[in-house]
Amino acid sequence: MAEAVETKIEAMGAGGDGIAPGPLFIPWTLPGERVRATPGAKGRARLEEVLAPSPERVAPPCVHFGPCGGCALQHWSLDAYAEWKRSRLVEALSRAGFPDAPVAPAFVTPRNSRRRVDWGLERQADGSVAIGFHERHGTALVPMQECHILRPELVALLGPLAAALRGLEGLRRLGTAVVNWLDTGADLRLDTDGPLTEGDRRRLAAFAAEQGIPRIAWRNEVAAQRGAVAVTLAGVSVAPPSGAFLQATPEGEATIIAAVLAALPSKMPPRARLADLYAGIGTLSFPLGSRGVVDAFESDTPAVEALKRAAGGGRVRAQRRDLVRQPLLPLELKPYAAVVLDPPFNGAVDQVAQIARSAVRRVIYVSCNPAALSRDGAALRAAGFEVESAVPVDQFLWSPHLESVVAFTR
Ligand SMILES: C[S@@+](CC[C@H](N)C(=O)[O-])C[C@H]1O[C@@H](n2cnc3c(N)ncnc32)[C@H](O)[C@@H]1O
């Protein structure tokens, strides 16, 4: 093990660790701080002591801050943190060739607003089940007792869920629990390292009844169902598949929708055609339906089916399509007044290549990864697009993640 060194943090890294010369990545530090740290593997260092704290340092509110991988930046004042999030979008667009892009202030999601959680489950030596997030740069589970980012209803579920899982034979050692908080309450999807027994199904049904949970799924099967599930998207009630992608917070979702709608052409005939690519269950398709006729494309069959059922033959039409294998081609893109795309983490390299070759003049890109946005933005830049507006959306409070809505026009 190397000796501890004294060093100065020069910048905040994209992963939420302070960067000292070397480079050394040191967690729980802030730009400008003098610290003592012990260098380890892969350029990471263990923080030993903050010698000269930044004036922007604040007391983290959560007892788990540090070991828990859910948050990296609770120790930073919210204003400085929000400015750093904004600067990440400025840098991403600058790398794409737009150094002067008009980037709005970051929207920061409030505490206790996250409605979707993906917990790890781990059976302990005494048979109890620990529930929590994994540590930041490792695999160990940090059992959760409190959480300042999740909705209180999700935190309140921890104790009862742990008690119910204790008797679950299908959970031998490890599993996961994804919970979406819907209009109808918790929607729980379990995955475990063993199969469910008949007794497990009875236990889950009893837990659903006791907690008023309408549906519990195990992998892709419904394990217990007591009633309908529903979430309202732009006034439309959708019955999502279990574990469906939802924007992480209602406030973040509202900000993304407002930015997408604001980026549409100001004058559009009411039957203008709009494309919503990577549509999920229609979070953006239904709001877009108020401005035009929407073709929604998505590869996940249960999500497409849910979207189709909710759309009911109105102004939103959904199609299953894998946009990596089969991106929309220039001829197919031709009718659209605007193309909205909200791809997964890796971005949309193949689809953007087709957009670049098409006659499309307006692209509204919703991104959850500044690096992918940078790469895809550079392809749009090469095809003559400029950035008309850019809104950073911090849906994952105190994490290094950043979402954004960027309008490209040519
Ligand atoms: C970031 S989510 C956005 C969903 C939706 N726009 C929303 O706001 O809720 C990305 C979506 O892309 C879908 N997806 C992933 N790979 C895809 C592919 N190759 N082709 C089409 N859709 C894909 C996922 O299933 C997911 O629904």
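We number each residue from 1, going along the chain as drawn.
Placed from the backbone N, Cα and C atoms, the Cβ positions cover glycine too.
What TrEMBL lists as S-adenosyl-L-methionine binding site is GLN247, TYR278, GLU298, ASP342. The active site, nucleophile annotation in TrEMBL covers CYS368.
Feature map: annotations from TrEMBL on the structure.
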| residue | record | contacts (Cβ under 8 Å, 6+ apart) |
| --- | --- | --- |
| GLN247 | S-adenosyl-L-methionine binding site | GLU253, ILE256, THR283, GLN395 |
| TYR278 | S-adenosyl-L-methionine binding site | PHE297, GLU298, LEU323, LEU341, ASP342, PRO343, PRO344, ALA348 |
| CYS368 | active site, nucleophile | PRO344, PHE345, HIS401, LEU402, GLU403 |
Additional residues surrounding S-adenosyl-L-methionine, by Cβ distance to the GLN247, TYR278, GLU298, ASP342 centre under 8 Å:
PHE245, ASP276, LEU277, ALA279, GLY280, THR283, LEU284, PRO343, VAL366
Does DSSP give GLU298 (S-adenosyl-L-methionine binding site) helix, strand or coil?
strand
Test of understanding: give the count of other CB atoms lying within 10 angstroms of the CB of ASP342 (S-adenosyl-L-methionine binding site).
24
Max pairwise CA distance, angstrom, over record-listed S-adenosyl-L-methionine binders GLN247, TYR278, GLU298, ASP342:
16
